[in-house]
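Quick notes on the structure that follows.
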Amino acid sequence: MSGLINGSDGAAPAGESASQITPVAPVDEAPVELSTAAKLMQQHALAAQEETLTSEVKNEDATVTGALIAKAEKKAPKQNEGPKVRSLDVSSDEAFPNLGGASSRPTPARASSGWGAGMAPPVANSNGRNGESATTSTGSFTPAVQGSSGQSTIYLLPSQQRPVSELRKTRIELVKDIMRSTGTKIEMQQTSTQTTVFIISGTEASRQRANREIHKEMSAKKTETITIPAIVRPYIIGKAGTKVQELESVTATRIRVPQLQASDGPAPEYDDEDTIDITIEGDEYGVPIAVHKINEIVTERTITVTTRLSDIPGEFYPFIQGPHRKFIEEYETKVQRVQVPDYFYSAKSQPFSPPSGPIVITGEKRAVQELRAEIDLKVAEFRAAFHFVLVPVSRAKHRFFASNRGQLIHQVLATAGCTVILPEGAKADSLIVYGPSDKIPQGYQEVMRASNVYQQEAIDVCKAYLSAPGGPKPLARDITRYLYHTGEFQSLQSEFDLEITAPSGGELHDLNKPCVIHIIGKSVDSVNGVKARILELYSKLTPGHILRFEVEPLHHRLIVGKDGRGVRRITDKFFGHGLLLPEDMGEAEIVLIYDGPSWDPEEISKSLEDLKEHILSLVEAQKFDVVEKIITVQNSFHAKVQGEGSTTLNALNPASVHVHFGAPKARPGGPTAAPSPGDEDKITIRGAKANVDNLAVTIQRFVASIPKDGNIPIVSMKFDYPTHLSAQLIGAKGANVNKLRAELGVEINLKEGQGEIKGIQVAVEAARRKIESQIKEHLDKAVERLRIPQEFHSTIIGSGGNSVRKLETRYGVRIMFPKSGRDKDADGADVPTKQDANEVIVKGGKDGVSEARAEILALLEYEKGKSFTATIPITGRGLEFMFKNASKEIKQLRDDSNVRLDIPLRDAVEKDERVVIKIRGTEDEVENAKTILSKIVKEAEQTTLRTIIVEKKHHGSLIGPGGQTLLEIVVGAGGPNDKQALHRTVRFPDLESDCNEIIVQGNSVVVDRIACAIEKIVEQKKSLITVTVEVAPEKRGLLIGRGGSIRKELEAKFKVTIDIPRQNPGQTNPSPDINITGIAEDVDKAKDHILEMVKELESEIIVIPTHLHHAVADGGQLVRRLQQDFKVSVDHNGQQRPPKPEERGPDPNGSLPLITDNEEDASQRFTWKIVELDTQDGEEGGFPWVIKGRPEQIAKAKAEVAKAVTLAEQQFVGYLVLPDSSKFRLIIGHGGSQVEKIRRDTGCRITVPRSQDVGEPIVMHGSKEGIERAKEIILGLVRNGDSNGRGRRRGNGNGDA
């Protein structure tokens, strides 16, 4: 038979009988090639021994599974045949060769034990077992002998076998277990020399598993320690322990790598000379393989070396880096990497403070050594020639030297050959210039020049709130905190490229100190610009924008929420508001800030109160009763109770009750409380009563358990956990375990289902409880992978992630959507994400995952019902104009329908780039939205923008009185005629601006026409003339009119501008000149017309009976009508108006119309009374009315006055009382139009009460027939109003006609 010993040919060793099998030669010796005759003898011997080899297993009723020893070696015997004999292939060249004799092979060299580039890898056999090479010391393990057809044989020498007492079962039972678990057939035999032989049949993979299990269960245990370079340690462990776990899994060993203790601080950096010992525990088979694989990693990773230069003073580092780190770039052409930490700060100058770390050089050993020698030589030169000098520079400017990775310091180094060192932690107004003695003067000058470049401004923002209730500092403090949290200062720094420093900590909270914002920058304009912006921010947030209230400090966590996003959720819901929780956890005050668009004090106050009520309702729904308890514990034990980093207190205090040691803590900015006797021994506990009581007892019990010597003993606790949860319990890069270590001060080791916790008793027990809780949580966890098309993801996520956050909070799950990008591997190459683009993963508790899954799928089905889509192409330029011109229409479309619009961000699209607007919703909604948006897009695509330069002095003429000229220009060009669209189409600069640009936007044809019209008008304006006309000041009213109406009418009619100087009160001898500006022809026409208007007017006096004056004047209505209709003026020759006669009203004791809920016609429920006036009562004689104007207009006015006198002589008064004053609006009409119509139709004066009081009459003056007719008209209006269903609305206003 031809066999393979670890891949090499071989047979049972000589020296045993044919019925015995002896161990093979050690694997690190040269394998022996058997002759053909020897192979043939071995084949016969094995065939004869087959029954004997299997008898032991068969006698124990071992069940054989898998293939037989070899299909070529063992065939089923035919009926009536004798004992089985292994058949021989007589045609085999191997069994009967033409030439006999054994072939010889050269003996392989032993593996070198050195490291580094010259280290030779371990020599492997040319045909390794199962494709693996093995390198061990002599006799380390006995490999399997592989058969020629699906068979392997293992020999275990007596010295290699595990004692029976250490086996967990008998060998037969172990073999049965291995056969069942691997699906192989295993035949076991023990030779006379106590060598155990295992013949394994099966597939190659199953034989390998069986081989591994046999050695794991029955090989002797072995422990080996190897020494490796310490720098290789991370590569042995691998990322989050993955590599060492892989090695342990493959070799079935336990590999112990020295661990870093929690007290060791950050991971150390090793030199190549440092070594560590690794211990490998396993069996005779696995340990050598593990050793070999570790040596392979060592070989691979020690080709390069790393050297750390720890003895070089930090002040030399900038000179080793070179200006702008130029020397490092040169060094890295010789070696792989050079790390020189920045050195900008030092707490002292003699000597300087040590650097933050050593210089690290990595690369090929010889190159590293040469570079190290070069740096050492430079350092020796530096030591002999370097000095320093102090330079006076304001402390506020120091940060600029170190900002941007010390760019300014490197600039000084490049220019003057000196570095700059800043005094760390000191408040000195000076810098240190350090370098060669001959370079110091130039370095001094460079630092002074650089510092003088920067401009500095300090703003005491308290001055903005000098009149604030409670003093300016609290308000300035809260606004400063708010601006800091919202990133306003950072945004200004980035925008203007300068530094802004706001006070913080005690300086901010100290009410006796100012609140000063420091600004430092290179540009005066940028510093002043930021100053103006900051003052604007503070002036906007007035005391009315702030609301303070108190909430129990321990309830603040209810606002923050378990996930820490509670404040964000609140401010998202109340947009334009800020919420500031106190920085000190013992403070109760919460600050709300309104930063929205409204300036209405009532609206701001209500908005803040609404937010306050919302927060209080959140707290009220979850709050608990807070109690405070003070216990006395000797001060010397406080540190023990707290533990290093509060680790012991965390273990004692699982409920996170608030604990304070010693005297009460002063409030930020407040005075320190006077100490009381025994304060140093107090421990104050605040929280829920049950938690406070429990913690008080726990602390006292813990203190009582502390030994007298004060040394708390360290204990160890071992436990088992589900192996498959190892990764989750350890966490990414050990995050979970490290968190427990930091929180509780314990050492935790988790490995293959077995864990160990070391620490003080209370911390160990707390860690154990937390791990048990995590295990329970992980066992309850479920993962659902939902197939949801990607186009529905954004709907489930919601605006700003609101919808998915609500789902996560409601069901306590985590919902993961696929990432849009790709991950990167170690080499920076793209790696496809593991999550499918149409896959949504839900993780969490089983119940929560199930409920979240149901809701997501229900939402998906709902969305599918409205998943009709449409797209509209648009360019980036069109997108920009669409947002400018149609944002209201788009918002209206969104508000009026449930359609979803996906419009690309305009800032993310180039002007000529084509993108699409996506519309999604129901079929009708999509169709309607597409129609509206298509029209908007078409207009936007046709929109163009044009800038016209026009001198500022012409802008007023282009706009015209009341915007009339501009309206005519735009409408004449085919543009819109509504005011808002007009403003969008043509935009003029602000009045205060010096800008001469007029921007015209719209359809390209319309824009061209508007531009042409503007240019034409401007050309005309350039030829304008101005003419001065003298008009007596007392006659200017004839040119101005009420509200300037006559002047505007003249300007529009003659297309000129009329400048009438304003006459100030008390001014004597005002100028009579008015200016008319326009084209010469138009100016002449306007001038002639104005002179005609102000020509000395004729006047005529009419004398009317004195007692009728007030009836004729009709409360001044008649005079106003004469002025408006006939352009005449009326006065009374300076005489005082006669007293107004008393009118006799209706009987005040008379009945009023009944008001009921009956829907009866309101016009049928009224009171009416007519009173005849005695026209002869009153003062006798006549009263003059002087009418001035043109003769023809005077005649018309006289006729109107005569008509009024006739009407007054036959005067009756009617009093109409309606049951519902809300009907008055029907009588008045829009702008008094209805009551004026009644007056014209009836010749009566109608007065509708101003008040809405019930019982107030409508008063009508006129002839009896006239007022009766007026009454009927009014009642008819009321009837019509009731029939139209509008009678119940309450009106306002009044009419007097």
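Yeah, the Cβs are placed from backbone N, Cα and C, and that goes for glycine too.
According to TrEMBL, the feature compositional bias 'Basic and acidic residues' maps to 73-87.
The compositional bias 'Low complexity' annotation in TrEMBL covers 102-113.
What TrEMBL lists as compositional bias 'Polar residues' is 124-149.
Annotation comment: TrEMBL describes 220-299 (among others) as domain 'K Homology'.
Along the domain 'K Homology' (303-380), the predicted structure has mean pLDDT 89. Residues annotated as domain 'K Homology' in TrEMBL: 303-380 (among others).
Residues or ranges marked as domain 'K Homology' by TrEMBL: 385-452 (among others).
The domain 'K Homology' annotation in TrEMBL covers 543-616 (among others).
For 625-704 (among others), the entry in TrEMBL reads domain 'K Homology'.
According to TrEMBL, the domain 'K Homology' annotation covers 713-776 (among others).
Across the domain 'K Homology' (780-861), DSSP assigns 38 helix, 22 strand, 22 coil. Annotated domain 'K Homology' per TrEMBL: 780-861 (among others), in sequence order.
Feature annotation from TrEMBL assigns domain 'K Homology' to 866-938 (among others).
Marked as domain 'K Homology' by TrEMBL: 942-1019 (among others).
Annotation source TrEMBL lists domain 'K Homology' at 1023-1095 (among others).
Marked as domain 'K Homology' by TrEMBL: 1096-1206 (among others).
The domain 'K Homology' annotation in TrEMBL covers 1210-1279 (among others). Mapped onto DSSP helix, strand and coil, the domain 'K Homology' (1210-1279) counts 37 helix, 15 strand, 18 coil.
The region 'Disordered' feature in TrEMBL is assigned to 1-27 (among others).
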Cβ pairs under 8 Å only, please: of the recorded stretches 303-380, 713-776, 866-938, 942-1019, 1210-1279, which one is richest in them relative to the domain 'K Homology' (625-704)?
713-776
Between the domain 'K Homology' (780-861) and the domain 'K Homology' (543-616), do 3 or more CB pairs sit under 8 angstroms, pairs being 6 or more residues apart?
yes
Using DSSP, what's the helix, strand and coil tally for the domain 'K Homology' (866-938)?
40 helix, 19 strand, 14 coil
How many of the residues that make up the domain 'K Homology' (543-616) does DSSP mark as helix, as strand and as coil?
35 helix, 15 strand, 24 coil
With helix taken as DSSP H, G or I, strand as E or B and everything else coil, how many residues of the domain 'K Homology' (1023-1095) land in each class?
34 helix, 15 strand, 24 coil
